[in-house]
């Protein structure tokens, strides 16, 4: 008999509905997030865009704007002390930027300004070198005589064999 009592209590525990007489639902419809409760809902903390249907439903806002908050569903008249809470935390993207026409125009204008400043800097730096003579003057200083190339001595076929071998050097002490 004792086993039947345990079996009946287990059967009743599984068959009878367990849980509270009210429920909180977080629903995403189109691009907005809703919090619904079959009794009255109370906003504890966070974002609320608009209340609907006599404090039973509220719109938190667009899902992409990361709505979040703490919401409590109150009990019925029979179970006034029972409450159920839910914490909503949406995190759609961490570093997202909404790309509208103003943002795109700002990026393009900033890119053009940066490119123009870079071109101006290169022009100012490379265009006006001070303290240097022109290339033609450097060539004239390097070539003292009229001859462009010196002939090799003794016409030896070995490459670089006698090139500058016994020439006098200017040694400074």
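Cβ coordinates come from backbone N, Cα and C, glycine included.
Per Swiss-Prot, these features apply:
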| type | residues | note |
| --- | --- | --- |
| DISULFID | 37-73 | disulfide bond |
| CARBOHYD | 38 | N-linked glycosylation site |
| CARBOHYD | 55 | N-linked glycosylation site |
| CARBOHYD | 74 | N-linked glycosylation site |
| MOD_RES | 149 | phosphotyrosine |
| MOD_RES | 160 | phosphotyrosine |
| SIGNAL | 1-21 | signal peptide |
| TOPO_DOM | 22-106 | topological domain 'Extracellular' |
| TOPO_DOM | 128-173 | topological domain 'Cytoplasmic' |
| TRANSMEM | 107-127 | transmembrane segment |
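Features as recorded by Swiss-Prot, highlighted on the structure.
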residue	record	Cβ neighbours (10 Å)
37	disulfide bond	21
38	N-linked glycosylation site	15
55	N-linked glycosylation site	14
73	disulfide bond	23
74	N-linked glycosylation site	17
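Rounded to a whole value, the Cα-Cα separation of residue 38 (N-linked glycosylation site) and residue 74 (N-linked glycosylation site) is 9 Å. Each residue contributes its Cα atom, and for residue 37 (disulfide bond) and residue 74 (N-linked glycosylation site) those atoms are 9 Å apart. Cα of residue 74 (N-linked glycosylation site) to Cα of residue 55 (N-linked glycosylation site): a span of 11 Å. Calculated from their C-alpha atoms, the gap between residue 55 (N-linked glycosylation site) and residue 73 (disulfide bond) amounts to 10 Å.
Under the DSSP three-state reduction, residue 73 (disulfide bond) is assigned to strand. Per-residue pLDDT, averaged along the topological domain 'Extracellular' (22-106), amounts to 79 for this model.
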